[in-house]
Amino acid sequence: MSLKRNIRRLDSIVPTAGREGSDIQFNLYKGRGVAVFTSGGDSQGMNGAVHSVVRMGIYLGCKVCFINEGYQGMVDGGDNIVEASWNSGSDIIQKGGTIIGSARCTDLRQREGRMKAAYNLIEKGITNLVVIGGDGSLIGANQFRKDWPGLVKELVDTKKITPEAAKSYPNIQIVGLVGSIDNDFCGTDMTIGTDSALQRIIESIDAVVATAQSHQRAFVVEVMGRHCGYLALVAALACEADFCFIPEWPPPVNWREILCKKLQEMRAEGQRLNIIVVAEDDDRDGTPISSDLVKDVVAKTLKYDTRVTVLGHVQRGGSPSAFDRLLGCRMGAEAVLALMEMNEESEPCVISIMVTRWYVPLMQCVERTKAVQKAMSEKDWELAVKLRGRSFQRNLETYKLLTKLRTVEKDNLSGGQNFNVAVMNVGAPAGGMNAAVRSFVRMAIVPSLYSLRYEDSFEGLANGAFKKFQWGDVTNWVMHGGSFLGTQKQLPNEKNVPLIAEQLRKHNIQALLLVGGFEAYHSTLILSKNREKYPEFCIPLCVIPCTISNNVPGTSISLGSDTAINEICTMIDKIKQSATGTKRRVFIIETMGGYCGYLATLSALASGADNAYIFEEKFTVEISLRRGSHRCKMAQGVQRYLIVRNEYANKNFTTEFVKQLFAEEGKGEFSTRINILGHAQQGGSPTPFDRNMGTKLAARALEYIITQIKESMVNGVVSTKSPERATLLGLTGRRVVFTPVEELAAETDFDKRLPCDQWWLKLRPLLRILAKHTSIYHTEAMEDTEDYD
């Protein structure tokens with residue numbers, strides 16, 4: 001029987017399913033019009049959405065317009081509403097802010113202002129709007145839509161437009177993209193800009209940690225978020241903060257005593273610094289808890305050298321993260337398609353996306369968002385946390401557990417029993433490995449489990465290189481890349497399997513967690529199949545996929561892949577800058593990934609590359625050159641051409657061969673250069689996404705392992721031969737799923753080390769469209785209502 005356990009979010013907003021797999025033809029909506037504008041506060045990733053709206057709209061045959069300066073530009077009209085060309089979307093995806101400007105507009109709140117806006121849109125022939133902004137911008141758009149028929153009638157009555165024009169524009173259609181660093185809008189997993197803001201926060205805190213350790217200081221870091229504590233909470237998890245203040249879960253009245261006691265305990269454990277994260281506008285019973293107040297409490301009570309760092313608008317700035325670039329691109333494309341398919345009865349919707357995308361009713365999301373604010377104003381904190389969603393709840397629960405210092409006598413998971421659980425890294429190092437190990441260790445210590453580590457993978461295990469973990473052993477592990485345990489690619493084999501079994505028996509290991517890549521998955525499969533011969537392997541085994549290649553079956557995303565894509569995008573941005581100076585140059589960039597083209601495809605899409613050569617999609621010399629798009633780009637626009645090639649895309653068409661091909665083709669017209677990015681792609685400091693995913697997956701893995709240990713216990717001995725006790729913990733869609741590795745074996749190409757089914761291949765048509773290749777595009781829709789947490 002297949003084992004796929006997951007946690008369902010029963011109270012989630014139910015979306016309307018789209019048309020996954022349907023074909024969208026070139027020039028399908030020729031003659032239609034679309035306008036895009038950004039409103040309210042800016043956020044990183046908005047330009048990616050603008051880039052995608054322009055190019056998808058033009059691909060579909062639409063006339064696409066920019067409305068500069070947000071709603072104010074719509075009211076003022078004139079040169080603020082301009083037609084966009086294909087090149088309008090060039091070289092903007094890596095830029096922060098919004099190239100078309102944004103402004104807060106009071107005129108639109110008045111009927112006279114809305115009348116002017118309606119007139120200007122009719123004059124330009126625009127009735128389809130893509131709104132990129134926060135909840136205020138989206139609510140304003142919905143009100144504008146409701147008033148539209150009356151506004152048009154009044155324009156006819158005052159003879160500002162003709163009755164014929166009124167008949168041509170009887171209604172207006174609106175699709176919203178939520179652009180906000182706060183991530184405070186219900187109905188979408190992540191808003192555009194949130195991931196980038198988290199990266200700015202973590203970069204700042206990581207920098208602060210160095211000086212804090214040097215001087216044994218305490219730092220109070222104030223972050224943005226308005227009335228939402230998402231940024232503060234997730235940042236606290238990602239930087240191992242000692243304390244966190246968020247508006248959804250304010251501390252008790254005696255928070256001063258609790259805070260100081262916690263900081264003293266951490267110093268007593270040998271920690272040289274303390275980090276406290278404070279969300280702006282955090283309050284308890286109407287009394288604000290400011291960063292300065294927290295600083296004064298610590299400094300006066302504990303006499304610690306305490307400093308305040310207010311990050312401010314730094315959080316909005318800088319280049320967007322790869323996640324936000326991809327988010328903007330995919331949302332923008334889907335927004336145009338949604339507009340084209342709307343009719344008079346269609347209500348405004350919001351494009352929501354995580355691994356899949358779907359449409360959710362705008363006002364349903366707005367009402368849910370208002371319900372959170374109402375719960376907080378009524379001091380119903382439990383309801384406020386619940387309404388934020390299961391992901392927010394899980395973040396809060398994990399934070400509470402990981403910041404506990406003292407072991408509780410009895411835990412509801414272990415039932416007060418002591419179990420021996422071990423953890424090891426297998427495969428190549430990747431961002432998030434250390435975060436996963438830290439989380440597993442500390443979550444194990446809380447219920448009084450004995451947590452052991454095996455160093456240097458199976459080589460170390462066979463040689464007995466183990467150590468029992470203590471709480472302080474994993475302090476500050478989250479912020480570091482690589483693997484502190486040491487990791488090797490060696491698989492269990494005939495020589496070392498007996499030694500591995502002996503060590504597991506010697507240390508009475510009752511469960512084993514492997515954090516690593518394809519090798520970790522394959523190793524677990526080998527151990528599982530050797531259970532008949534070695535009873536020491538008849539224990540719960542679990543794998544957390546952690547590899548930059550994202551080539552492990554049973555999961556959509558592997559730990560470390562987000563860090564790698566961000567590193568690749570950063571390097572490509574610098575290469576593009578070089579090309580901007582030299583002009584008329586083709587760059588061929590080689591990425592890692594083995595035979596898996598995930599890194600090449602997603603980094604190409606996130607960096608605005610023109611093509612990506614991968615093993616999964618065959619290419620030839622004729623295909624590479626016949627489009628002639630590289631010649632067109634040299635003659636106009638940015639005058640460069642960028643190709644991302646996966647390292648094993650084709651054994652004959654190597655990176656050097658492709659370079660020589662383009663060099664010969666471009667004699668006298670353009671030059672060609674190659675860049676092999678190498679091991680720099682494994683990244684330095686892990687991204688917040690990888691840190692927190694590793695933290696939460698390891699916590700979930702431990703919960704599941706403890707349950708399996710108790711279910712497999714017979715007369716005090718753990719023994720199980722069930723395939724369902726050797727699992728891989730992965731993300732499929734929006735679900736966290738434990739899948740037996742023996743079941744996954746049927747879905748694996750072991751020769752090429754690839755899953756047989758890879759979701760991201762559906763992004764290939766979008767990559768080609770945005771790079772000006774005529775292609776068929778496949779829309780995606782959510783298949784379920786379950787939530788990754």
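Placement of Cβ uses the backbone N, Cα and C atoms for every residue, glycine included.
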Legend entry - Site-mate of R104, C105, G134, D135, G136, S137 for ATP in Swiss-Prot, selected among G41, G45, G48: G41
Inset, instruction - Out of the binding-site residues G41, R104, G134, S137, D182, give me the one sitting nearest to R585 (beta-D-fructose 2,6-bisphosphate binding site) by CA distance. - result: G41
Inset, instruction - Within 10 Å of the Cβ of G134 (ATP binding site), how many other Cβ atoms can you find? Include all protein chains, please. - result: 23
Legend entry - Within 10 angstroms of G41 (ATP binding site), Cα basis - binding-site residues out of M224, S549, H679, Q682: none
Inset, instruction - From the binding-site residues R104, R307, V314, pick the residue whose C-alpha lies nearest to the C-alpha of K489 (beta-D-fructose 2,6-bisphosphate binding site). - result: V314
Legend entry - Euclidean distance between Cα atoms of S180 (substrate binding site) and D135 (ATP binding site), Å: 9
Inset, instruction - Between any two of G41, R104, C105, G134, D135, G136, S137, the residues recorded as binding ATP, what is the biggest Cα to Cα distance in Å? - result: 14
Legend entry - Candidate binding-site residues G134, S137, S549, G594, pick with smallest Cα gap to M224 (substrate binding site): G134
Inset, instruction - Please state whether DSSP places R307 (substrate binding site) in a helix, a strand or coil. - result: strand
